[in-house]
């Protein structure tokens with residue numbers, strides 16, 4: 001069984017506190033985009049086998065797709081195993097939920113193969129044990145995600161909007177970015193309510209104005225290239241630009257495909273991983 005695993009971007013990301021167990025409390029507006037990996041799963045007698053077209057992708061428990069399959073098989077006492085073939089298009093360690101969406105897609109395919117009676121809500125319970133972005137990736141679309149990612153409120157779909165996406169030539173560790181964030185020193189928070197209102201009113205310029213990611217407090221200081229990319233997007237006609245997730249991917253929001261194409265061509269001269277895509 002073959003399925004697409006779509007990436008996401010953050011239209012906003014706020015950190016509003018930290019729990020005693022070390023988990024950060026988040027308030028994020030998440031958006032699925034039409035950039036995707038392909039996941040194919042076949043039933044086998046025993047075990048979990050992962051194959052991928054990129055050699056650097058781990059094929060053991062370090063891969064969230066493996067972890068998803070293992071949790072599913074254990075939870076439902078399934079005796080057989082699975083072979084998972086992954087075709088990677090989403091950049092890794094990029095803030096685009098590449099690993100999380102693969103894991104979510106594995107859960108959904110395995111449900112179809114083994115337990116079609118399972119609801120999305122039940123799948124999300126498993127998903128939360130894998131990572132904060134995985135529950136959102138079960139549903140996709142446009143949603144407000146709160147807590148540690150488990151509280152998901154769908155909002156009006158912000159679909160068919162044009163994005164140009166740049167993944168710089170380095171990766172970032174989500175854990176390191178959050179560890180270096182000082183919550184008490186976040187002085188400007190996203191106006192998430194205003195952002196949602198702007199989406200509901202189809203006010204693209206207001207959406208662009210209200211996009212904000214507090215993790216940029218960490219990454220923009222350390223990686224000057226991210227500032228340059230954001231500035232380049234605005235110079236090349238983007239309505240707004242923001243880092244997605246814990247980075248380092250940066251996207252520009254456009255209202256014109258010609259401007260987006262010119263921007264893409266310009267960015268492609270400097271960076272290997274550049275994409276034109278749309279929200280879905």
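Just so you know, glycine gets a Cβ as well, placed from its N, Cα and C.
Per Swiss-Prot, active site is recorded for 8, 133, and the stated evidence type is sequence analysis. Annotation source Swiss-Prot lists ATP binding site at 91, 92, 93, 94, 95, 96, 97, 98, 99, 100, 101.
Structural mapping of features recorded in Swiss-Prot.
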{"residue": "8", "record": "active site", "DSSP class": "strand"}
{"residue": "91", "record": "ATP binding site", "DSSP class": "coil"}
{"residue": "97", "record": "ATP binding site", "DSSP class": "coil"}
{"residue": "133", "record": "active site", "DSSP class": "coil"}
Counting only residues outside 91, 92, 93, 94, 95, 96, 97, 98, 99, 100, 101 in the same chain, those with C-beta within 8 angstroms of the ATP site's C-beta centroid are 7, 90, 245
Any idea what the Cα distance is from residue 99 (ATP binding site) over to residue 8 (active site), rounded to a whole Å? 11
Would you count the other CB atoms within 10 A of the CB of residue 93 (ATP binding site), including those on all shown protein chains? 17
Which number gives the other C-beta atoms within 10 angstroms of the C-beta of residue 91 (ATP binding site), all protein chains shown included? 21
Integer Cα-Cα distance in angstrom, residue 93 (ATP binding site) to residue 8 (active site): 13
